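Working notes, beginning with the structure itself.
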Amino acid sequence: MDIAKVIVDVPVRSTDRPFDYSIPQPLRVWIEVGSRVAVPFGHRTVQGFVIALESGDVREIPGLKPIQEVLDLIPPLSPELIDLAEWMSQRYACRRISALQAMLPTALKGKAERFISLGDPVNDQAADHSADSIFLDEELFPMFPDTGREERDITDFISRSGGEVSMKQLTRTFPEAAESVKFMLRRGVLVESQTIKDKMGKKKLKAVNLAVGADSAREALSSFPARSARQKEVLSFLIEMEAMLPLPLKEVLAMLQVTAGTVKSLEEKGYIEISEIEVYRDPYRGRDFKPTEPLLLTEEQEVVYTRIARTVDELRHEVFLLHGVTGSGKTEIYLQSIQRCMDQGRQAVVLVPEISLTPQMVERFKGRFGSGVAVMHSRLSVGERYDEWRKIREGKATVAVGARSAIFAPFTNLGLIIVDEEHEGSYKQEENPKYHARDVAVRRAEQGDAVVILGSATPSLESYYAARTQSDIHFSPVLLEMPSRALGNELPKVQVVDMREELKEGNRSMFSRLLHSSLAARLTRGEQTVLLLNRRGFSTFVMCRSCGYVAGCPECDISLTYHSRSDNLRCHYCGHAEPSPKECPECASEHIRFFGTGTQRVEEELGKLFPGIRVIRMDVDTTTEKGSHEKLLGQFRDKKADVLLGTQMVAKGLDFPDVTLVGVITADSALNLPDFRAAEKTFQLLTQVAGRAGRHQLPGEVVVQSYTPEHYSIIHASGHDYTSFMLEELNHRRGLHYPPYCRLILVTLSHEQLPVLLRLSENYALNLQGKARQRRWYGSLDKQSSDALELLGPVASPMPRLKGRYRFQCIIKWRGSINAIGLAREIAEELEDSARDTGLQISIDVDPQMLM
Ligand SMILES: Nc1ncnc2c1ncn2[C@@H]1O[C@H](COP(=O)(O)OP(=O)(O)OP(=O)(O)O)[C@@H](O)[C@H]1O
Ligand SMILES: [Zn+2]
Ligand SMILES: [Zn+2]
């Protein structure tokens, strides 16, 4: 191959296309689709990704510049991921480089030079399944003189150069050795590292190994004089532990209670050697994960599992929507499906929302699959994340458990992707590229004939609708249901308290009488309580405390947002504005105002009502420190507290046997968010948190406090009635034209000067409408036609001024087979080009989760 097509890391739109570079002869063997390279661009050298290779006569192309350098020996991206990035750039209207960068761990995002050093494959326990590493095959070398010699030449060269050489040196000295080097890197015989060593350097550890064969060491033992008893002890220990060598020096000293001097003398005598080995920074090091065996499946689980296993065995692509009530044992389905996939020699990715990536969750996977599990989430340090990523790329992990970005785990034979709590909004990335991990999962699985399991007790409307109607051309999951709990117990009884009545009867406290007495009962019985304070949406809306009235937009059926500066209420979908009311238009009460309360206040109140009560508060304030989440939950599990009080964090995934009461302080706060998904999110949250109660022997009870107990999301959540809620919500969405009956694109324009922004936003809307009309797309979604596009706005964004820039937005609603995303982008690019000097910025969010 002579020409590489490269996407360069230059953050300008005009560079969002592949550029051609020639490949110098010595680099040819190193460059693959997915390689990261350094290339000249303008007057600079920039980083880029090779997305295709072509043959051609380089001399015929004038001005073709050569690639300067390959940045990694094993390409960090696979051809499969390169394809996925291309798809993402279309699907989310983002730049290709932004999609490519999203797939790499932070450690690789900089401009770093890479070094190669000698690894120690025998030491790695995770790799013992691949113990046929070249060190052990040494006696075979003579049979394959070429392979063996080249590899030995390389390792010799590296050790002669002090154990480490730069990539540049290596490729220059061994231009033809790409295959061998890659092979050795994959086996861990060689390892790569970064220039920015302090930040990313590998962790080294002193380790002890035998310098002679075990047999000669055993012989030597008998010749030891009596006064060298300690040395004898160390040596016989090492002989005994031969299979585990090398062992960390520290551990040997601690286990045998000997001094470093003893070990040193053995080294001087030439029986043992002490060397530095590289260790992976394992964030879960030192933690014991109790190994678990597969559970005997319940009847319901068996049916579901058999269906999934069949598809896994057929190596076929299929998407399953696993709707199982809280406690139905979805995790066991995940675990056994992963095992099945591993039996096929394939790998698996498990996506979990960041917030529920709790130690309990990690424990379940590590307990079943041991160190073959890589964990990826944002609370790990850059170095830790890099190590976990390398574990995957080097084939030392077969399962990756992680938040959103784990969908890009560099597996080469991915067979199964699990998206747990698939309804979670946090799967959508709010920055560029604004991708949804669930959709990327489906796409990646489709490319690679893999199975997807979307699991939830409360599937999203989009997934459920697609599964029920099979109407979505890209996405028609097979619905699998588990309506009962695995341990056979009932779902907890839910009681809804009308807080308006409480106020009427003189109770001004934030606790209803029922919640108060239920809590008191738990304290006497020594059982535990989870209290949820739903903080989403507080203080953006105005509510009447007497009747529960909340001001809504007459056009859009979402609540109005209060703007303190102008003291009025506004709809940020359509721009409708009205003065903020002084008395309730429904009941004339004066108790109409902002609504707000925090976890800290609830904690204080609890202390006053129940002196001596032990409360663990879990919210953004108490969980910023690394590991604090884990610590707090551990304390609660050890029954060091009576109450776990928190925000959304306490609602998901927790499985504690002694929790028999769940209280929700205000169920409706999120209902009043100016968000068409408000009812759906409220239903999901209530169902999830209710599901924390009574999961084991003791029966559970749930108390939900609400100012609008008649709201269908609250009624159906209290009846554990997912289907009825869905039907009612779908009806709503159909009438108002919201997803899943159409799709949305949020276009946000920003500029430093308001008048300019106003004019450009108007232009955007007009141009888009004009083009859509020309193409006969534009028309009301009310009409029967299957293709339709409507535009709302421009209106000021909910955050109308950010970092000195004014912001306006348009919402595009569309359906059918039209290329609305392409059009939204095309108009944006035209406008940006024509207004280039003015500093206009346009951001496009396809299928936005938040319209705020
Ligand atoms: N086949 C089984 N036999 C015995 N116990 C089981 C079985 N399957 C699951 N369990 C147990 O049932 C409990 C609930 O299972 P799990 O936590 O997986 O439910 P879930 O469906 O993930 O619930 P949620 O959506 O609430 O997180 C756990 O304690 C689990 O160990
Ligand atoms: Zn009122
Ligand atoms: Zn409106």
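For all residues, glycine too, the Cβ spot is worked out from N, Cα and C.
Taken verbatim from TrEMBL:
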DOMAIN    311-477  domain 'Helicase ATP-binding'
BINDING   Cys544, Cys547, Cys584, Cys587  Zn(2+) 1 binding site
BINDING   Cys553, Cys556, Cys571, Cys574  Zn(2+) 2 binding site
DOMAIN    579-731  domain 'Helicase C-terminal'
Among all the protein chains here, how many other CB atoms are within 10 A of the CB of Cys553 (Zn(2+) 2 binding site)? 21
Identify all same-chain residues not among Cys544, Cys547, Cys584, Cys587 whose C-beta atom falls within 8 angstroms of the centroid of the Zn(2+) 1 site's C-beta atoms; report them in sequence order. Arg545, Ser546, Gly548, Tyr549, Pro585, Glu586, Ala588, Ser589, His591, Ile592
Out of the binding-site residues I have (Cys553, Cys571, Cys574), which ones have their Cβ sitting under 6 Å from ligand 2? none
How big is the Cα-to-Cα gap, in Å, between Cys547 (Zn(2+) 1 binding site) and Cys553 (Zn(2+) 2 binding site)? 18
By CA distance, which of the binding-site residues (Cys553, Cys571, Cys574) lies nearest to Cys584 (Zn(2+) 1 binding site)? Cys553
Under DSSP, is Cys584 (Zn(2+) 1 binding site) part of a helix or a strand, or is it coil? coil
When you measure from the Cβ of Cys544 (Zn(2+) 1 binding site), which residues in the chain that are at least 6 apart have a Cβ under 8 Å away? Val550, Cys584, Glu586, Cys587, Ser589, His591, Ile592
Around ligand 3, within a Cβ distance of under 6 Å, which of the binding-site residues Cys547, Cys571, Cys587 show up? Cys571
10 Å Cβ neighbour count around Cys571 (Zn(2+) 2 binding site)? 22
Near Cys584 (Zn(2+) 1 binding site), how many other Cβ atoms are within 10 Å of its Cβ? 20
Report the member of Cys547, Cys574, Cys587 (the binding-site residues) whose C-beta atom has the most other C-beta atoms within 10 angstroms. Cys547
In the domain 'Helicase C-terminal' (579-731), averaged pLDDT is 85
According to DSSP, does Cys544 (Zn(2+) 1 binding site) sit in a helix, a strand, or coil? strand
